Amino acid sequence: AGFGAGLGLALASSAFIGGSFVLKKKGLLRLCGRARAGQGGHAYLREWLWWVGLLCMGVGEAANFAAYAFAPATLVTPLGALSVLVSAVLSSIFLNEQLNVHGKIGCILSILGSTVMVIHAPQEEEVSSLESMAEKLKDPGFIVFAVCVLVSSLLLIFVAGPRYGQSNVLVYVLVCSAIGSLSVSCVKGLGIALKELFSGKPVLKEPLAWVLLVCLVICISTQINYLNKALDIFNTSVVTPIYYVLFTTAVMMCSAILFKEWQHMVLDNIIGSISGFLTIVSGIFLLHAFRDMPFTPNLLPLFLQPGRADPHPPWSSADRHQSCQHQPLLPSEDKGSLSAEEEE
């Protein structure tokens, strides 16, 4: 029941978040000459449709937050890719944005990959209280992982960032992804704390709950800061798929170490989970990388192009009876040159 609730919340989160982008975009397009957001204006604050989109995004983020309390993070995080799919499909319907063949194939691959991941999702070790969460956080494996994440993030921020941040997209995206893996762990712990709070336990007196909340605020602030830097420097179609792949990979590694999600999985489920994740990655790549590429009939093979004559027409009746042995071995120009040489 808990797994089903987490899966339903994750799917609902993707639907609400994907729809919120379309609603907010629709509200921005209705400004009709008033100061647009791209020009520094705030007229969109008086547009009710924009507020509906913002409300949908809040509901989606809340559902995503709650999903981590019921389902494994290895399942919830990859399903976030479906919000991109929902946004792309609804944009093609309500905003008249072109969804080319590559985008449609990417949507299909994302759905197939998500289905495979749901079927083979790992069952995490039971963590039902803050006490058990505290024991998990004391695990030496997780401590080593957290220290490596913090040290590598500091090196990327203070050493690699000033030198290569303006030219290499991986610098700031790696910071967001590494810190994001820790933020998901904090969200998981706070979800468990909320479940205990609603059951009547004195969670507010537990120091761990406040520590997780502070860590979550710091992690999310760092993610937003460096993700905005990456988006400001590089193209969105480049940043988004790279960030999704690195962030999801980091979350899966962190969850495998902290919650031992992969410890009791059979080989079939491991291969299925990895295959589903790679299928989603392929779909997101096709959806973003070729989003602005027009797909015309001229790009199709010749035999699939409408109205194009067959480049290899059938032989005529006269040619059918000619054998390949009777055809000249040299072109006519070479044949003429040879006859001239013989006359000389």
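Yeah, the Cβs are placed from backbone N, Cα and C, and that goes for glycine too.
These numbers come from a predicted model, not from an experiment.
Per TrEMBL, the features are as follows:
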- 6-23: transmembrane segment (TRANSMEM)
- 48-70: transmembrane segment (TRANSMEM)
- 76-95: transmembrane segment (TRANSMEM)
- 102-121: transmembrane segment (TRANSMEM)
- 141-162: transmembrane segment (TRANSMEM)
- 169-193: transmembrane segment (TRANSMEM)
- 208-226: transmembrane segment (TRANSMEM)
- 238-258: transmembrane segment (TRANSMEM)
- 270-290: transmembrane segment (TRANSMEM)
- 310-344: region 'Disordered' (REGION)
Is the transmembrane segment (141-162) close to the transmembrane segment (76-95), in the sense of at least 3 CB pairs under 8 angstroms with a sequence gap of 6 or more?
no
Chain residues outside the transmembrane segment (238-258) and at least six past its termini with a C-beta under 8 angstroms from it
72-74, 77-78, 80-81, 84, 124, 136-137, 139, 141-142, 145, 149, 169-170, 173-174, 176-178, 180-182, 184-185, 227, 230-231, 277, 281, 284-285, 288-289
Would you say the transmembrane segment (102-121) and the transmembrane segment (48-70) are touching, if the rule is that at least three C-beta pairs must lie under 8 angstroms and be 6 or more residues apart?
no
Which residues of the chain, 6 or more past the ends of the transmembrane segment (102-121), have a CB below 8 A from one of its CBs?
3, 7, 71-72, 74-75, 78-79, 81-82, 84-85, 88-89, 268-273, 275-291, 293, 295
